Amino acid sequence: MCWHHFFLWELVCGKLDLHKQEGLVHVCLQYKELCVEVFYIYFHAGRVEEPYVSITKKRQMPKDGYSEEIEKEVGQAEGKLCTHRSAFSRASVIQAFLGSAPQLTLQLYICVLQQEITAARSVFMVLSLLSIVYGALRCNILAIKIKYDDYDVSVKPAAYLCIFMWRSFEIATRVTVLVLFSSVLQIWTLPVVLVNFFGFFFYPWILFWQSKSPFPENIEKALSRVGTTIVLCLLTFLYAGINMFCWSAVQVKLNDPDLINKSQNWYRLTVYYMLRFIENAFLLLMWYIYKTDIYLYVCAPLLVLQLLIGYCMAVLFMLVFYQFCHPCKKLFSSSISEGLLSCFKFLCFICKPPKSTILTDKAEVKSENTDEAWSSSKTIDSQKGNPHQSVSSNA
């Protein structure tokens, strides 16, 4: 069991009392032992031949429509290292969005109100931003490896660069927009945050209730139904925390045995970024209208334009990643360009008025034209009849 799994299991099952010093000391000692174990396994791996190995089968990326299956021997030491590496990836995501993201927002908010940035605070903010970007990057890689677990996936440096630029622009602009809005409209900050958070928190549960699937029971055998519910709530809590700042590459699906949506949904991705762009633009508009004297020496229109362009740059790097740099783009049923095109067609179809309305409008226009033609013909006939009446009167 990984160390963060151990912590979660201890907390849910009631074996860890956070109010007692003994419980915290026990967990810290467990973490220390696990760290020592990882270093011991790493430095002693390969020195002694292991009597038992496991064989894993992975499929290579298809070439010319053909995918070859390869076998690889994995020793116990390498398997344990992979387990700890996976635990570290998940822990980095948790630390980034539940620790570094609120800290970066608070530090930037304090800098805006005090109108000064100290060297120490700027260093901490840069480190927090890098921590969040790294957590989002690990979330992307984790999503790829979960969705394409049967394939031997190798991520190229260009893909890492695209993800890094994508997440950097997205998170930096999102945090800046939230700070600017909260600095002028403190009363409305909490409603905006709560609507965002609870919207993403309840979204997986709404999909689960709509699917009418049975309650998942295979998460952990030692957990009761209440414990399983708490674990699922913690998972959706993390999912909501990620989506507050950026798009979560790992989509939660509670009616799936792995609790992860393994399908590539371009529609959900498009709707998220469209709504997020509209929300950022609206929050910036509110900041521009109600900005105070602390922004007296700030060129507000230029700052708004820079933030909107920065978010568009994030979307651009995302499109480049999925279109050209994704390690499993050959397995996509449709490319992101095709998905976006079909999504825009669907939105245009929704916004387009129904045919019955168009036909009714045409019929009304046609009837108006016929009425006008009939009235004009009657006028002409009356004008033609006037000379005859004048001649008869003269006679």
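We number each residue from 1, going along the chain as drawn.
Even glycines carry a Cβ here, placed using N, Cα and C.
Automatic, uncurated: that is what TrEMBL annotation is.
Here TrEMBL flags 119-137 (among others) as transmembrane segment.
Below 8 angstroms of C-beta separation, residues 178, 181, 236-237, 239-241, 243-244, 252-255, 283, 286 of the same chain, each at least six residues beyond the ends of the transmembrane segment (187-208), sit close to that stretch. Per TrEMBL, the feature transmembrane segment maps to 187-208 (among others).
Away from its own ends, the transmembrane segment (229-250) comes close to residues 8, 12, 93-94, 97-98, 101, 132, 136, 139-140, 142-144, 146, 167, 170-171, 174-175, 193, 196-202, 204-205, 216, 219-220, 223, 259-260, 269, 272-273, 318 of its chain (Cβ-Cβ under 8 Å, at least six residues beyond either end). Per TrEMBL, transmembrane segment is recorded for 229-250 (among others).
Here the transmembrane segment (270-290) has Cβ contacts under 8 Å with residues 173-174, 177-178, 180-181, 183-185, 188, 192, 243, 247, 300-301, 304, 307-308, 311-312, 315, 318, 339-340, 343 of the same chain, all six or more residues outside its ends. Residues or ranges marked as transmembrane segment in TrEMBL: 270-290 (among others).
The feature transmembrane segment is assigned by TrEMBL to 302-324 (among others).
The annotation region 'Disordered' is assigned in TrEMBL to 365-395.
Annotation comment: TrEMBL describes 372-395 as compositional bias 'Polar residues'.
For the transmembrane segment (302-324), the residues of the chain that approach it from at least six positions outside its boundaries are 159, 162-163, 165-170, 172-174, 176-177, 247, 273, 276-277, 280-281, 284-285, 288, 335-337, 340, judged by C-beta separation under 8 angstroms.
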